[in-house]
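Trainee: My questions all concern the structure below.
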Amino acid sequence: MNKNVVIKSLATLTILTSVTGIGTTLVEEVQQTAKAENNVTKIQDTNIFPYTGVVAFKSATGFVVGKNTILTNKHVSKNYKVGDRITAHPNSDKGNGGIYSIKKIINYPGKEDVSVIQVEERAIERGPKGFNFNDNVTPFKYAAGAKAGERIKVIGYPHPYKNKYVLYESTGPVMSVEGSSIVYSAHTESGNSGSPVLNSNNELVGIHFASDVKNDDNRNAYGVYFTPEIKKFIAENIDK
């Protein structure tokens, strides 16, 4: 795929933050009838890896990349500020890994939809392993790479409010990897923005940000592929 396709297609993509208002109904109707590979599993236990690496915003998803540090999309973090809260791997009304306050937001300087968020180490509301963020979550490690045909999974909180913060895992094949773009055929919905894109070993290959708004067999989902430059930016902004 030409690396410009994703950029030029933004007008026809769903930016996958759960929102209310104009456009939401259209997106939901399209996604309910999508023909993209629809291998979606409801996660029963979020207190085991890889699910302990995922966090929920009120309208989107993020994941842990290091000490007190999570990753999401710029189009997610722009709606948040220092002092706002995130919840570690909630499992609807069955508990969570604690609630934490945002202390710093750092956006990637390039065009890629990547944002680092640091949180306060001590929880506002404790998780099952106490008040320390790092005791209640598990950071992801990077994959060596990814290529077309490999299987990936996207883990996140589609329609988090509507679905009462139930975690879902969607799987499918990689369609292409070029530059900082990874394209895959996996069913995603509003709220999946910021979800980790993982290989079969639960290693990070990218971060999810959008999907096509169309109803045919070629409907794809899009992520930012973790290039060395993006990995370097993330490493430099892990909380010390």
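Glycine is treated like the rest: Cβ placed from N, Cα and C.
Sharing the record's features from Swiss-Prot:
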{"type": "SIGNAL", "residues": "1-36", "note": "signal peptide"}
{"type": "ACT_SITE", "residues": "His75", "note": "active site, charge relay system"}
{"type": "ACT_SITE", "residues": "Asp113", "note": "active site, charge relay system"}
{"type": "ACT_SITE", "residues": "Ser193", "note": "active site, charge relay system"}
Trainee: Based on DSSP, name the secondary structure state of Asp113 (active site, charge relay system): helix, strand or coil.
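Mentor: For Asp113 (active site, charge relay system) - judged by DSSP and reduced to three states - the answer is coil.
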Trainee: Three states by DSSP: which one describes Ser193 (active site, charge relay system)?
Mentor: coil
Trainee: What is the interatomic distance between the Cα atoms of Asp113 (active site, charge relay system) and Ser193 (active site, charge relay system), given in whole Å?
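Mentor: Cα of Asp113 (active site, charge relay system) to Cα of Ser193 (active site, charge relay system) measures 10 Å after rounding.
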Trainee: By a simple count, how many Cβ atoms lie within 10 Å of the Cβ of Ser193 (active site, charge relay system), its own Cβ left out?
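Mentor: Ser193 (active site, charge relay system): 31 neighbouring Cβ atoms within 10 Å.
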Trainee: If you count the other Cβ atoms within 10 Å of each Cβ, which of the active-site residues His75, Asp113 comes out on top?
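Mentor: Compared across His75, Asp113, the most Cβ atoms within 10 Å surround Asp113.
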Trainee: Looking only at C-alpha atoms, tell me how far His75 (active site, charge relay system) is from Ser193 (active site, charge relay system), rounded to the nearest Å.
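Mentor: About 8 Å separate the Cα atoms of these two residues.
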